[in-house]
Amino acid sequence: MCLFFLCRQVVWLIAFQPVRLPVCRFTMGIKAALPRYELYLYTAVLGVALIWAGSWIFDASSENVNRKAFKESVKPGWHYFGRKMDVADFEWMMWFSTFRNHILFALAGHVIFAKIFTLLAPKHRSLIFGIYGGLAVLVTMGWTFVTLVLSHCIILYSIAMVKSKWMCFAAGLATLASIKLEPYNSWQESLVTGSFDLQDILFYGGCGFSIMRCMSFALENCEKKDGNFTFSDLLKYNFYLPFFFFGPIMTFDRFHAQVNNTQLIRKDKELWNITTKALLHLGVILVVDVFFHYLYILTIPSDVKLVTKLSDWCLAGLAYSNLVYDWVKAAVMFGVINTVSTLDHLDPPQPPKCITMLYVFAETHFDRGINDWLCKYVYDYIGGDHDKIFKELLATFCTFAITTLWLGPCELVYIWSFFNCFGLNFELWVAKFFSLPPFSIIEGAMGEAMSRRIRGVFNAANFWTIVLYNVLSLNSLEFAKLVGRRLIFKGFPLSSLSVLLVTYCGVQLVKERERHQALLDDPEPVKPVDAGKEKAE
C-alpha cells in the first residue's frame, strides 16, 4: 500500500522542497555575461548530446517492444503510427485517456454553474462553488466519504477556535497520520462503499488535501485578531471542486480574499491568455502521447535485466527524461486545473519550474501551491532568514518530517527525504565555507565571467545529485543505484566527465536565461554621457 500510494503521488513528491533561501546562495554574479560564441558552443553541445541520448533510448524501445517484461505496460497505441505505446503511468492515462470524459464533465459542469451564478449573484459565488463541489464529491464517492471528510473538518475547526498554533499543528498532523498509517487508514478506507478504479486515488487525494486545507484554515484563524472565521468559510474553501482531489493548494488567506472579491473585472487579453494556455496544454498532451509511441522511458527502467545492458548515455537519458516527464505531467495537470480556477477569477499557484532549470536544491519543487504552504507555515516560520546553520537544519528536518508523513512512511520515502534534506543543508554549508577567506578573496579577484564558469561546474555536479536523489522516487531504488554506479564509478572517466560537460553546458544556458530575466527585472543604471565628459576634462 505504501509503495502504491507513493507512485500515485509522484506528481506532488518533489513539491516539498523549500525554495526561499538567501539570495547569495544561488544568485551571486547572476548578471555576469559570457561571450556569445561560447553560448553558441554550449547550445550545440547540448543539442547533439540530447539527440544522441534520445537515439539510444529509441533503439532500446524499438528493439525490445515485444519483450515479455513490457507486456503489461506497452499496449497498442494510435493506429496512425503502427507502433505500441508506453502506458506505464496510470495517472497520465487516467487523466487523458481512461477517465478523461468523466473529469472533463465534472470540470465543465463547474465552469457552467460558476459562470451562471457569478453573473446572477457575484456576492454568493463562493457558496455556489462549495455546494457544487460538495454535491460532485457526494455523487462520486458516496455519503460515507463526505461524512469522513466533514468529520476531519469538524475536528480541525474545533481546534482552530482555541487559536493555538501548536494545537492546530498537532491535531492536523494526527489527522493526517490517521489516513497514512496502519491500521487507521485501512479502517477509514473500508468506510467508503463501492468499488471503481479511481476510488483509491480519490480517497487518499481527497482526504489528504482536505486535511492540509483544514490546517491552513486553522493556522490562519489563529492569526485573525478579531473573531473567527466561520465553519461555512471552511467548507466553501475545502469543497472547491477543481482543487479538491488533486490540488494545487491555495492557502486559506489567499483563497478567502480572492473568492469573496466582488470586483470581477478581467485584465486586458486575459481571456485570450486563458485560451492560449488551454490550447498549449492540449498540444503538450498530444506531443507526450506521440513520444510515448517511440520512447518507452517509463517502462524500460522497470526491467532491471534490460537496464543493465544499456549504455551509460542511455541510462543518463532515461534518468533525465523521467524527471522532465514528471515535470511535464505536473505542469499539464495543474495547468488544466488552474485554467478552470482562472475562469473563476482566482489567481492559482503558478506552474512549476522545469527540472532542466534546476541546478540547486533550494529551487527544486514541482507544485508551487504545496511549496508555498510549507514555506509559510513550517520552513520560513522556523528557519527565519535561512542564514543560520542550525535553524536551517531544524527547519528542513521539520519540513521533510511532514513530507514523510504525507507520502506514507516507508523505506523509499525515508531515503528520499534524508538525501533531499541533506542536499538542501549541504548547499548552505558549502556556501558558508566558500564565503570565508581565502575563497571569497580569490573569487573577488577573478572576473565575474570566470566566477560564473567555476560555479557552473559545481552546479552541474549538483544537478545530477538532484536527479539521482529524486529518480529513486519516480522509478525505483535499484534503478537509481544502477545509474549512480554507472555514471560515477564504472563509467569514470569517459562517461562521467562527458555527462558532466554536457550538463555544464546546459547549466550555463540556464544561467544566461536567468541573466536576461534579471536584467529585465532590475535593469542596470545607464551612466550619463555628460559625467564621462566631465571626468575626461
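Cβ atoms here come from the backbone N, Cα and C positions, even for glycine.
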Per TrEMBL, the range holding transmembrane segment, considering 11-29, 163-181, 201-219, 239-257: 239-257
Tertiary contacts of the transmembrane segment (454-472) (same chain, 6+ residues out, Cβ under 8 Å): 13-14, 28-29, 319-320, 322-323, 355, 358-361, 364, 412, 415-416, 419-420, 423, 427, 430, 443, 446, 479-481, 483-484, 487, 499-500, 503-504, 506-508, 511
Any contact, the transmembrane segment (278-298) to the transmembrane segment (39-58), with at least 3 Cβ pairs under 8 A: yes
Closest-packing stretch to the transmembrane segment (239-257), where packing means Cβ pairs under 8 Å, from 39-58, 103-121, 492-510: 103-121
Outside the transmembrane segment (492-510), six or more residues from its ends: residues with CB under 8 Å to it: 34, 38-39, 41-43, 45-46, 49, 312-313, 316, 356-357, 359, 452-453, 456-457, 459-461, 463-464, 486
